[in-house]
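Participant: Sharing a structure here in structure tokens format.
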Amino acid sequence: VVKFRRTGESSRSDEDGISGEHEVHIEGVRTELEPVELEDGAAVPKEFANPTDDTFMVEDAVEAIGFGKFQWKLSVITGLAWANAMEMMILSILAPQLHCEWRLPSWKVALLTSVVFVGMMSSSTLWGNISDQYGRKTGLKISVLWTLYYGILSGFAPIYSWILVLRGLVGFGIGGVPQSVTLYAEFLPMKARAKCILLIEVFWALGTVFEVLLAVVVMPTLGWRWLLILSALPLLLFAGLCFWLPESARYDVLSGNQEKALATLKRIATENGAPMPLGKLVVSRQEDRGKMRDLFTPHFRWTTLLLWFIWFSNAFSYYGLVLLTTELFQAGDVCSISSRRQEVKAKCSLTCEYLTEEDYTDLLWTTLSEFPGVLVTLWIIDRIGRKKTMALSFLVFSFCSLLLFLCVGRNVLTVLLFIARAFISGGFQAAYVYTPEVYPTATRALGLGTCSGMARVGALITPFIAQVMLESSVYLTVLVYSGCCLLAALASCFLPIETKGRGLQESSHKEWGQEMVGRGSHSPG
């Protein structure tokens with residue numbers, strides 16, 4: 001029996017029924033052939049391997065190999081990089097400590113936080129460009145090692161100006177850590193991608209919780225310098241394990257390194273105990289990588305602009321809520337803030353209070369509210385899609401913000417703030433799923449990097465709303481956050497591409513979705 005597949009055009013009409021796969025029985029062929037037995041794990045001889053002219057792409061191989069042992073290891077290692085949330089959470093613990101210990105005025109304390117976001121904003125696009133030009137693994141390793149080095153060095157800062165510069169350099173390194181999502185996503189099969197990216201976000205929440213617990217133990221005994229040094233522990237573990245990380249096979253194929261990509265795919269197949277697809281790996285058309293202009297081609301222009309606003313709104317609202325939570329808890333409710341503010345104005349700017357055990361407990365409960373956000377997003381993102389998940393998260397946050405206008409008690413206030421934070425963090429996680437999926441391999445890291453940069457702009461602006469504007473008008477402050485998220489919900493609905501159920505796009509020269517639905521789904525027509 002000879003099996004053949006019709007792949008080209010033929011002079012015969014479609015009505016002849018010659019399409020798809022066919023079998024032809026040939027008479028007179030000798031059937032007594034010698035059987036060939038192979039030992040377990042032995043390579044298939046060349047004369048028997050790949051008997052067809054089939055080809056496959058990286059997407060096909062990743063789908064065929066599936067999720068397994070390799071992806072579990074990758075989840076843990078990239079998760080360690082994502083636990084850099086400790087470097088962010090430490091800001092809320094370090095600021096009041098230095099305010100008291102070094103007798104810093106309020107504006108210097110605020111600058112210590114802002115300089116980290118300035119570093120992140122200035123470097124996000126650069127790290128994305130490096131990852132598109134020189135590889136995902138290269139960009140991620142350099143950014144993590146950079147953050148680790150300056151994070152430990154911060155613990156030895158003798159004066160304020162030194163720690164200001166060093167924390168700014170830490171922020172510069174943190175700007176590249178989101179590229180771990182790019183590397184991670186490119187090794188995940190379609191069905192597991194959304195769930196896995198959301199679960200890796202759990203490492204962020206775990207990092208914040210671990211930082212608070214570490215502070216409870218370290219701050220009373222060893223002090224803030226040891227807290228800074230020990231907070232780099234997850235990144236130190238990543239640095240020790242990053243030698244295991246492979247380069248993205250999608251990146252290797254796009255940059256013309258077919259053999260390296262094939263070796264990576266075979267390694268994944270071996271670790272997962274799954275077979276490789278038969279045939280030859282297709283080398284995608286080589287393209288210029290990491291070019292900003294590719295984000296503004298007619299096909300991606302609106303997607304890029306809308307995503308920038310969505311990411312801006314996410315960070316603006318998320319960090320704004322974190323700052324507002326402290327203010328609202330201390331006042332009791334929105335209606336009490338105005339009277340409280342007038343009392344605070346009479347105090348000296350150098351007046352300080354060390355964090356108490358109750359403060360650490362409040363911080364811990366606040367950070368724990370992000371876990372429900374992960375679970376809700378995990379449950380709905382593959383049911384209603386990425387766009388609707390982001391829109392729903394923004395709408396719930398906006399609604400909860402408007403309810404703060406009511407003079408509610410502390411218990412109701414706590415419930416509203418926790419629901420709002422759960423959903424805005426869930427929206428952030430949905431954006432981390434959607435953004436790597438919507439851009440092609442040539443600009444995926446740059447697209448994520450620029451979006452991350454816009455998020456840092458929102459994080460930079462939000463203290464002026466949550467703290468400065470709050471002094472003049474509480475209701476206007478709440479209205480700004482609610483209105484911003486309402487616009488972000490509309491922006492999510494207007495995104496032109498829904499990535500649910502689609503694979504990752506390899507080339508920017510193909511229409512979106514052309515190679516995404518799956519090679520097996522093409523009908524004979």
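Please read every residue number as a count from 1 along the shown chain.
Placed from the backbone N, Cα and C atoms, the Cβ positions cover glycine too.
Just so you know, TrEMBL annotations never went through curation; they're auto-generated.
The shown structure was predicted, so the numbers you read here are calculated from the model rather than taken from an experiment.
Below, the features straight out of TrEMBL:
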- 1-21: region 'Disordered' (REGION)
- 73-500: domain 'Major facilitator superfamily (MFS) profile' (DOMAIN)
- 74-95: transmembrane segment (TRANSMEM)
- 107-130: transmembrane segment (TRANSMEM)
- 142-163: transmembrane segment (TRANSMEM)
- 197-218: transmembrane segment (TRANSMEM)
- 224-245: transmembrane segment (TRANSMEM)
- 299-319: transmembrane segment (TRANSMEM)
- 389-406: transmembrane segment (TRANSMEM)
- 412-434: transmembrane segment (TRANSMEM)
- 446-466: transmembrane segment (TRANSMEM)
- 478-497: transmembrane segment (TRANSMEM)
- 506-525: region 'Disordered' (REGION)
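Locate each feature and note its surroundings.
Facilitator: Sequence-distant contacts of the transmembrane segment (74-95) (same chain, at least 6 residues past either end, Cβ-Cβ under 8 Å): 109, 112-113, 116, 140, 144, 147, 151, 170, 174, 177, 180-181, 183-184, 187, 196, 199-208, 210-212, 214-215, 219, 224, 227-228, 231-232, 234-235, 237-238, 241-242, 244-245, 322, 355, 363, 367.
Sequence-distant contacts of the transmembrane segment (224-245) (same chain, six or more residues past either end, CB-CB distance under 8 Å): 73-74, 77, 80-81, 83-84, 86-87, 90, 93-94, 97-98, 101, 137, 140-141, 144-145, 147-148, 151-152, 154-156, 183, 207, 211, 214-215, 218.
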Participant: Among the recorded stretches 107-130, 197-218, 299-319, 446-466, which has the greatest number of Cβ pairs closer than 8 Å to the transmembrane segment (478-497)?
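Facilitator: Selected stretch: 299-319, with the most Cβ pairs under 8 Å.
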